[in-house]
Each structure stands twice: as structure tokens, then as C-alpha cells.
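Asker: Before anything else, here's the structure in question.
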Amino acid sequence: MSGGDRSKKKTPRTQGWEEAGAEFYQESYPSTDTDFDVLQRDPRHLTTLLPSKQNRAVAATIKRIRGDTKTFGRHTHTTLRSRRGSTTNRRASTTADIQVSMLPDLSENLSNEQRTWEEIMQIKALPISMAQKKEMKAKLQSEPNLRLQGFEQLKWKRRKMWKKFRISIKESYSKLELWKGDLKKIEGNCGTGVVAYFLFIKWLLFLNFSIFSLVFLFVILPSIIFKNVEQCDDCCSSVYFNQTTDSNIVLDLVQGTGRMERTILFYGVYSNETFSYKVNGATLYYDLPLAYISVTVIYFLLSLFAIVKSAAKGFKERLVEGEGQFYQYCNLIFGGWDFCIQNEKTANMKHNAIFHEIKGFLEVERREEERQNRTQQERTKLFVVRLLVNVIVIVVLAASAAAIYFVFDYSTKQVANTLKDALFSSSFEMLFYEFLPSLSIVFLNVIVPFVFAFLVNLEKYSPLNVIRITLVRTVFLRLSSLCVLYASLYIKVACDVENINSCVSADCATCWESFVGQQIYKLVLTDFATHAILTFLVNFPRALIARNCTNKAAKFLGSQDFELPKHVLDVIYSQTLCWLGCFYSPLLPAIATLVCFLMFYIKKFACLINSTPSVTIYRASRSNSMFMIVLLISYIFAVLPIAYGIGELLPSESCGPFRALPTVWSYIVNIFGTSPMWLQSILFFVSTAGFAVPAFVVLTLLVYYYWAVNSANRHMVTVLKNQLVLEGHDKQFLLDRLSMFIKQQQESQKRLRHAEMMKDGERIVSSN
């Protein structure tokens with residue numbers, strides 16, 4: 001295929017706009033002296049020569065001709081004279097349409113106080129100096145404008161007051177914003193992609209705080225206020241609550257056993273009663289089991305809504321970013337500066353942030369060019385290497401899952417033997433075996449990602465694909481380890497009662513829900529402690545060695561990059577543990593909120609002190625959407641075992657708000673059975689095909705409607721881009737005419753001066 005044929009290929013969607021934007025400035029337009037003579041007599045004639053006006057005139061003419069052709073077909077019986085008259089009228093109408101299409105829209109020039117105020121608000125967002133903003137504002141306020149009357153003025157004033165209120169709230173929030181200075185410092189040193197990670201930690205902190213607020217207000221606080229004492233002496237609950245707890249308080253705090261197990265931290269202490277209280281003589285009831293399950297459903301739905309909303313926002317940013325690279329550089333260079341910066345330190349940080357953004361764009365382009373220049377032999381070799389690497393990754397994941405299963409089984413047996421031989425075993429040995437599954441999971445989560453990072457370098461992916469593949473593999477590692485842990489816990493806790501008079505079977509825990517909560521609680525503490533120890537006691541000395549030693553081996557061992565995928569998985573793993581354990585440990589969201597708060601400073605220390613800026617540049621919009629996709633996968637993984645436990649597993653007989661029930665969900669079924677008949681009828685109708693089929697049809701129509709709106713918006717974007725191209729043609733046309741007009745004026749002035757000189761010469765000769 002020749003080079004000319006290649007040039008005729010259809011260009012990608014993201015490149016056509018840049019090519020159009022570069023080409024229309026290269027066109028030239030013919031001009032004659034006759035045009036300048038006409039312009040001198042009537043300067044308004046210049047507007048009729050603009051390309052955009054001519055384009056609209058041609059379009060109007062074609063449209064009119066098509067309409068007239070249809071009219072001519074319907075009136076074939078008319079006479080020649082009428083046809084001539086019709087032709088004359090059509091020409092006159094076409095001329096009138098052309099003139100109307102070329103007339104300016106005078107309504108655009110009309111201004112009122114509402115439009116003036118909106119323009120003043122838009123001036124605030126312009127990337128210009130404050131002096132220019134004040135000048136533009138004064139100019140707008142000095143111009144005469146129309147005042148609104150009646151209801152229009154009332155609506156405008158209400159909208160104006162609401163917008164001012166929102167602006168004041170945003171300004172107040174920005175002054176109280178958490179970690180504002182730290183985020184600016186991180187952005188200046190590492191770029192917007194890394195600061196998006198710290199914003200993600202901040203987002204998770206507020207999410208966990210919202211979950212904790214719901215649990216505290218509707219579950220924990222009522223349990224504290226209406227705390228009751230078990231009355232029966234021979235029921236299963238008394239067996240559980242009267243167990244002796246002679247143990248070390250420090251070990252209880254770390255393991256969640258002993259005295260800690262009887263606190264509001266775990267599921268077992270919450271009552272299964274409906275509390276009653278009187279307000280102004282009226283008796284009111286508070287159903288704690290119903291509140292417990294309702295709050296669980298609400299905060300999972302709240303988490304899903306927050307994730308989807310943030311992911312949609314990141315998807316919109318990626319769509320805008322994917323329109324092409326032409327205007328990204330322009331926006332970054334000409335519109336990326338913050339004119340509110342006043343000190344030199346902040347200005348240097350902003351310079352570094354813009355530098356890292358440009359560096360990221362250039363790195364992506366370099367990798368793409370390298371990928372396109374590969375030969376067939378290099379592609380085949382790369383395919384074989386990637387296949388082998390994926391096989392090794394699968395083997396590593398399987399080996400990790402098997403190791404966790406055998407470690408959990410071994411530690412469970414050792415804990416049982418230690419309890420039997422309590423006289424000959426120490427508490428620290430017991431502590432070691434209790435934490436052995438958590439330590440093994442954390443150890444694999446620390447070591448295996450280094451293996452994945454080494455393997456992914458052999459596959460020669462682009463920076464974005466490196467992040468995605470590393471994230472997927474590490475997600476599979478962490479989620480598979482939790483899957484194995486959950487399966488092992490299920491084997492231990494899924495046991496039925498032996499008979500109706502026994503509380504538990506011989507091999508089951510007295511309160512298996514609290515036991516599961518203890519395992520998740522220990523995992524959270526172990527994971528957080530591991531991050532703190534690695535950051536301050538391992539990586540910080542390595543960073544000091546790399547800075548102060550000139551030896552190459554020391555620099556190699558001490559140098560550290562801030563690998564964003566690894567740190568993202570750290571916080572997502574902690575959030576997954578929070579979702580997994582919040583049903584069995586209601587105070588776990590509060591612990592997760594504290595962990596997120598401390599994790600911000602730990603990761604900040606790792607980013608600014610321990611690590612050097614990463615060679616891979618991360619962009620903010622793609623990083624944020626990537627975080628949310630991985631978090632959504634972890635959310636689905638966390639919801640499934642919780643839903644299975646609520647719907648299928650037998651609750652403990654001795655503890656919790658759902659004791660003596662076949663399943664947790666059966667309580668909702670019982671509540672539904674006591675509800676009014678009209679509510680039951682509505683819910684039964686919702687579950688029938690008579691509701692499902694129309695709902696499906698309506699949803700299908702809504703999807704089609706939004707698809708049509710989206711298509712129309714895409715078409716409008718194309719039209720606006722073409723309009724911008726025509727505006728560029730107009731500018732180039734006016735510049736060409738202006739330059740030629742100036743040249744003509746200069747030539748005419750030269751001719752006049754030459755003629756005056758000739759007259760002066762003739763006058764001098766004649767006088768002599």
C-alpha cells in the first residue's frame with residue numbers, strides 16, 4: 001500500500017478534530033480590487049463574504065430548492081405564465097431567505113439584569129488576573145440593561161439568592177476542608193494522579209463515618225439506652241453471658257475475646273427484644289432486630305450509590321479527556337494556572353504539578369508510538385512471554401490460597417489443643433496461634449505483589465495497562481485469600497443444633513457471629529499494624545540509606561517508588577474488611593474511620609519522605625475511575641457472603657438480635673406477615689408478572705429515550721465543532737482581507753506621494 005493510500009484512510013475519532021483545527025488556518029481566499037472598491041463604498045458588504053454566511057446561504061438555498069421541487073411536482077397542471085411567475089417568486093423568496101440568514105440576531109444583543117449578573121458570575125471562573133476581572137465587571141455594570149418585571153424578576157432574585165448561598169457554603173467548606181494544605185503539597189510534588197489517591201482515602205473516611213453514624217444512631221445508642229439484663233437462668237443466653245472471662249485485658253483488646261467479646265463491639269451482646277418507652281403518656285416501641293437488619297441494608301445501599309456516583313463522575317471526566325490531545329495541552333498551559341496563588345512556595349508546587357501533567361501526556365504518546373513500531377517477530381515473542389507470565393500468576397494464586405487454607409486449619413487445631421492443655425501453655429503462644437491466619441494473609445499480601453510487579457515488567461505494557469493488570473492480579477490475590485478464609489470459617493461455624501434442648505453442638509462456638517467478627521477485627525488490626533511497621537521501621541531506614549550512601553548496591557536496596565496500584569489495594573482491602581465485618585462487629589466502621597484517618601498520614605509519609613516520584617505518571621481522571629471500579633468489585637465480593645449469612649445460615653441460639661430464629665431473613669418475613677393487608681397486597685403485586693412486565697417495558701423505553709438524547713447530543717457536539725471550524729475560516733478570511741486592505745492602502749499612499757512629488761517637480765520646472 002502506497003503512502004498516498006495510507007493518507008486516505010479514515011482518521012480516528014480523536015484525531016479528526018485536531019487535523020481540522022490545524023488545517024483551516026492554512027486556507028487562503030481570493031480577492032480583487034473590485035471587492036475593495038465595493039467595501040469602500042459599503043463596508044457592511046464584508047459580512048456577506050464571510051465563509052460561515054455563505055455556507056448558511058447555500059444551505060438555505062438548497063433547502064428552498066428542494067421544497068420548491070416538491071411543490072412543482074404537485075402543480076404540474078399550471079400554465080407557463082404561472083410557472084414563470086412562480087419561478088420569479090421563488091427567486092425572490094430565495095434572495096429574501098439568504099438576506100434573512102445573513103442578518104445578525106438582534107435578540108442576542110439584548111441584555112437584562114439577569115444576563116448581566118450571570119456574565120459577572122462567569123467572569124469569576126475565567127483564568128485571568130484579578131485586575132482584568134474587575135475591569136470586565138465594571139464594564140458590564142456600566143452598560144445599560146433592561147430590568148425584569150413581575151414574576152420573572154421574582155424567579156431571578158430567588159435563583160440569585162440560592163446561588164449566593166451555595167457559594168457562601170462552598171467558601172465556608174473550603175476553609176474547613178480536611179487536609180487541604182497536605183493535598184496541595186502532594187499535588188505539587190507528585191502530580192494529580194497521586195493526589196487523587198489521597199482524595200480517595202478522604203472519600204472512604206467520610207463513607208465509613210456515614211456508615212458508623214447510621215449504626216450508632218439506630219443500633220448502638222438504643223442498645224445503650226434500653227440496656228436490659230437477661231432474666232432466665234436456664235436459657236442459652238445466660239450460658240453465653242455467664243461464661244468466665246479470666247484473661248489478660250491487653251490480649252483481650254488485641255484479640256477481641258474475653259471482656260471485649262461482651263461489649264458493643266460485637267454482635268453477641270445486642271438484644272432480640274422490642275423495647276417500649278413512654279412519651280407524653282403514649283407508649284412507643286423500638287424494634288432493635290428490625291433496626292439492625294434495616295440499617296445493614298441501608299448502609300450497603302448507601303455504599304453502592306456512592307460508588308456508582310463517583311464512578312459515573314470519573315467516567316464523564318474520561319470521556320472529556322478522551323476527545324483528543326490537541327486542546328489538553330492548550331488547556332493545561334494556558335488555563336491550568338491558579339491566579340489565586342500569592343506566595344512563591346505554592347507557585348513552585350503548582351509549577352511542579354503542571355510539569356508532571358505534561359510529562360504524563362508525553363509518556364503515554366511515547367509508549368503508543370513504541371507499540372505501533374513493533375515488528376511481527378517482536379509481537380510473537382511478546383505474546384509467548386505474556387502467556388507464560390499469566391500461567392505463573394495462576395500458579396502463585398493457587399499456591400497462596402492453599403497456604404492460607406492449611407495455615408487456618410493448623411492454627412485452629414493448635415488453638416483447640418492449647419485450650420485443652422491450658423496449664424502447660426502460655427498466653428503468648430495462644431496469641432500467636434490466634435493471629436497466625438491473619439499474619440499469613442498479610443504476609444502474602446506484602447510479598448506476592450512484588451512478584452507480580454517483577455512479572456509485569458516482562459510483559460511491556462503501557463503505564464495505564466500496567467496499573468490495570470497489576471490491580472486485577474493483586475485484587476484476585478487479596479479476594480481469593482479472603483474467600484479461603486471465609487470458606488474455612490464457614491466450615492467451622494455452619495453446624496446445626498443436636499437437639500432442641502441443647503444450645504450448641506459440641507464442635508461449634510457458643511456465638512459464631514461474634515467469632516467471625518473477631519477474625520475480621522484481628523485482620524483489620526494486623527493489616528494496619530503491618531502498614532505502620534513497614535512504613536516507619538523498614539522503608540524509612542531504607543530511604544535514609546539511599547539518600548546518604550553513594551554505593552550503588554545501597555541505593556538499589558534503598559530506592560523506593562510510590563507504586564500507586566499497591567497503595568490503592570491497601571486501602572481497598574481495608575474497606576473490604578470493614579464491609580465484611582460490620583454486620584458481625586457494629587463498631588468496625590468507627591475503627592475503619594480511624595484507620596483511614598491514620599492511613600492518610602502513613603501514606604503521606606511514604607509518598608513524600610520514603611519514596612521518590614514514580615517514573616509512571618498517573619492522571620487524575622483515569623486513576624479515580626480505576627479506584628472506583630476496583631472498589632466496586634470488592635464491594636460485590638463483600639456483599640455476597642453477608643447476604644448468604646443473612647438468608648441461609650442458622651443464627652446462634654445464645655446471642656445476638658436474631659437468636660432462636662431459623663435465619664436472619666425470617667425475622668423480616670415474620671414482620672411482613674404482621675403488616676397491614678394493603679401493604680402485603682402491594683408487595684405481592686410488585687413480585688408478580690403483572691408488575692414486572694410493564695416495569696420492564698417502561699425501563700426499556702427510558703433506556704431508548706436516553707440513548708436517543710445521547711445521540712442527539714453527540715450530533716450537536718459535531719455541529720458545534722463544525723461551527724468552530726467555520727469561525728476559524730471567518731477569522732482567517734478577515735485577517736487576509738485586512739492585510740490585503742492595508743497593503744492596498746500603503747500602495748495607494750505611495751502612488752499619491754509619487755504623484756505629489758511629480759507635481760512638485762513639474763511645478764519647479766515650470767517656475768524655472
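Backbone N, Cα and C atoms are what each Cβ position is placed from, and that goes for glycine too.
Sharing the feature lines straight out of TrEMBL:
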{"type": "DOMAIN", "residues": "511-621", "note": "domain 'TMC'"}
{"type": "REGION", "residues": "1-28", "note": "region 'Disordered'"}
{"type": "TRANSMEM", "residues": "194-221", "note": "transmembrane segment"}
{"type": "TRANSMEM", "residues": "290-308", "note": "transmembrane segment"}
{"type": "TRANSMEM", "residues": "383-408", "note": "transmembrane segment"}
{"type": "TRANSMEM", "residues": "435-458", "note": "transmembrane segment"}
{"type": "TRANSMEM", "residues": "470-491", "note": "transmembrane segment"}
{"type": "TRANSMEM", "residues": "583-602", "note": "transmembrane segment"}
{"type": "TRANSMEM", "residues": "623-644", "note": "transmembrane segment"}
{"type": "TRANSMEM", "residues": "682-707", "note": "transmembrane segment"}
Asker: When DSSP states are grouped into helix, strand and coil, how many residues of the domain 'TMC' (511-621) land in each?
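Answerer: The domain 'TMC' (511-621) comes out at 87 helix, 2 strand, 22 coil.
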Asker: I'm checking region-level scores; what's the whole-number mean pLDDT for the domain 'TMC' (511-621)?
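Answerer: That stretch averages a pLDDT of 84.
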Asker: Against which stretches of its own chain does the transmembrane segment (290-308) lie, if we need a Cβ under 8 Å and a gap of at least six residues from its ends?
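Answerer: Residues packing against the transmembrane segment (290-308) from afar: 203, 207, 210-211, 214-215, 218-219, 222, 270, 579, 582-583, 589, 628, 631-632, 635, 639, 642, 646, 657-658, 664-665, 667-668, 671.
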Asker: Checking distant contacts: for the transmembrane segment (435-458), what same-chain residues at least six beyond its ends satisfy Cβ-Cβ under 8 A?
Answerer: 255, 385, 389, 392-393, 396, 400, 403-404, 407-408, 410-411, 414, 466, 469-470, 473-474, 477-478, 481-482, 485, 488, 519, 522-523, 526-527, 530, 534, 563, 566, 569, 573
Asker: Using a Cβ distance cut-off of under 8 Å, indicate which of 194-221, 383-408, 470-491, 682-707 has the most pairs with the transmembrane segment (623-644).
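Answerer: Counting Cβ pairs under 8 Å, the winner is 470-491.
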Asker: When each of 383-408, 583-602, 682-707 is checked against the transmembrane segment (194-221) for Cβ pairs under 8 Å, which one has the most?
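Answerer: Top-ranked stretch among 383-408, 583-602, 682-707: 583-602.
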Asker: Any residues 6+ beyond the ends of the transmembrane segment (470-491) with a Cβ under 8 Å from its own?
Answerer: 393, 396-397, 400-401, 404-405, 408-409, 412, 437, 441, 444-445, 448-449, 452-453, 456, 515-516, 519, 523, 565-566, 568-569, 572-573, 576-577, 580, 626, 630, 633-634, 637, 641
Asker: May I ask for the residues of the chain that lie six or more residues beyond the transmembrane segment (682-707) and have a Cβ under 8 Å from a Cβ within it?
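Answerer: Hits for the transmembrane segment (682-707): 672.
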